[in-house]
Structure formats: C-alpha cells, structure tokens
C-alpha cells in the first residue's frame, strides 16, 4: 500500500512540475523572462557542453577581425594585436519558438552560459577591454545558435628570421585552441559565412607593411590528448626608410669621409691620423648602436655584413696611410743614399782635375707612396660601389 501511494505521489509531483513549467512558458512575455527561464540552473547546466548528453562533438565557428596590429618588438620577438574574436555554436538547450528574433544577452549572463575555453598558446599577455563596459557581445538565435564576440588585446610570441634584417620579411602567427576539450569533444573551424580573418583598413604597423593574411587549421598534440587548433598568419615586410636615414646613409658618408685622406699630403701627419681615427671610431660606434636594437642570434644578419664591410673600408683607408708612410720613408732614404753617392763621386772627379759643375746628381724618381694614394682614389670608391651593387641585389632580389 505504501509503495502504491509513493508511486502516485511521484506521478503527481511530475505532473505538477510539468504543468507549472508549461504555465511558466506560456506566461513568458518578455526577453528577460525568457532568459531567466532558459538559463534556469534547474534546467540548464553551464558546466556541460552542448551535445555532451547525446555524445556529439561541439562545433565552434571562429573568425577574427583585426583592427590594430603592432608594435613589433624585435628584441623580445613579439607582436601586439587588437582584434574582435567571434565564436558561434549551437546549443539546443537554448532553442525556443516564442520569439522569432535574435535576443541580445547582457554580459552579466556570461557565467550562466556554456562558453568555449579557447585560449592563445603563444600569448605572453592578454587583456579584455572593459571601457566603458566590458566589450562583450552575446546574441541568442531562436534555433539555439549563440554568437559570442569580444574585443581583446594580445601580445604574442613571433619567432623572427633576421638573416636579412632590415630587408627582411616576417610571418607572425595567432594560434587558438581549446584548453580542456579534446578533438572528439570540441573542434574549432574557421567561419564559413563571415570569413576567417579580416583586416580593417586602419590596421597598420609603423615599421612594417602588412603584405597579407591567411588562415589554416591544425592539430595540437600533447600528453593529455589531441586538440583542434586554428592559425591566423600575418605576413609583414619591414619598412627600410628608417634604416636608410639612420644607418645606411650615415655609414656611407663615413666611408666617403675616410677617402679624404687620399688627397691629404702624406707629410701632414696630424691631419691624416685625425681623419682615420675619427672615421674608425665613428663607424664602430654606429655598428654597436645598430646591434643594440636586436636580439643576440647565432647567425650573421645583413646589417652585420654592411657594417663589417664599412668598417673594413674605413680601417683599410687608415692602414693605407701607414703603407704610404713606409713607402715614402723608404723612397726618401733611397734618394738620400743616391745623392750621397753622387756627391762622393763628384768630389773624386774634382780631385782628378775636372770642373766642379761636372758633378753627377741623381734624379729623385717617382714616390711610390704618392702612387698608392693616387690609385687608392680610384680603387676604394670602385670597390665600395661594387660591394653596394652586390649587397642590394642579393638582399632585395634574393630568396626571402
């Protein structure tokens, strides 16, 4: 008897609950009441993903709208970006037929909804914008489809290839994946309706030109399982204008200045030494300044090649004066020795009774030091011009 009464009591409670629920649904006249009903913890568990009860995986459509890119930090190899991250999925538990239009859900209901646990593996820092209110948009469609959009600013790791710096091209990736759901539970795909990756017209970087954007799918495998991931790639070309005015032109002028010593008389020792030391110290300081803005990488960059060759030319011009000095000194001593022999021969001839004006005098000859100076005036500029042609052709038109 007690068992029979218990069954009847249970059936009555179920009927009362269903009847009360149907009355609540019929009495819903506003979006607020509908949201309170749909997100009622007694009927909706935000900790369970959509499709979990039926064993189906949850598909998340993702797209990015980048409104700001940069700056790029070469020293730390990182890039900053600000973008709108939009995710869309279907949660059948939130489907309803009482309103045939989209409902805007306030950000305060965010904790009451199931939200994908998307994260950025390569992010060094992240920020969600809160002014003037949290920049979050949630829209609920009648079929249970949810659009979740938020504005984020992220600083990402960007591994750079600096062999051709500052004539280089870079590719920075934005990778997104689920933190806890494996591929069989949640998988991400790029949006087919809104486009995967869009770039606003005002998105630019002062030091770079954005040459293109692309998007791909990927799979990240860890000890905890395989996770679907999405990659957005931004291709960058470095603007060389700054380096032309701050590095290349000054170093060219320093090299040209070092050639001025070829026109200074080799006997003007203070002038030639001053020009040589000044240019060597200046090019060394400039080379150190150029390297200080870059990370310590185990390979030679194009800017290293340029500064090293400029230093070789400046140092070569300085050493040229040492060669000229040695050759001129040898030539002077040779002339003095020849003149001494000529005078000695003249004295002997005079003792033999010949006239005094018959004394033999040696010709001074060509100073090899002056010859080196004259040839250097042509060899150094031509060699530097050939180097420039080879340098710019190789690093601009060579392989990227």
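Placement of Cβ uses the backbone N, Cα and C atoms for every residue, glycine included.
Annotations in TrEMBL come from automatic prediction, not curation.
If you check TrEMBL, you get these features:
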- 1-24: signal peptide (SIGNAL)
- 32-237: domain 'Neurotransmitter-gated ion-channel ligand-binding' (DOMAIN)
- 240-262: transmembrane segment (TRANSMEM)
- 247-340: domain 'Neurotransmitter-gated ion-channel transmembrane' (DOMAIN)
- 269-285: transmembrane segment (TRANSMEM)
- 305-328: transmembrane segment (TRANSMEM)
- 378-397: transmembrane segment (TRANSMEM)
**Secondary structure tally of the domain 'Neurotransmitter-gated ion-channel transmembrane' (247-340) (DSSP, helix then strand then coil)** = 80 helix, 0 strand, 14 coil
**Asked** Which whole-number mean pLDDT does the model give the domain 'Neurotransmitter-gated ion-channel ligand-binding' (32-237)?
**Response** 90
**Item:** For the transmembrane segment (269-285), sequence-distant contacts whose Cβ falls under 8 Å of one of its Cβ atoms, 6 or more beyond its ends
**Value:** 251, 254-255, 257-258, 260-261, 307, 310-311, 314-315, 317-318, 321
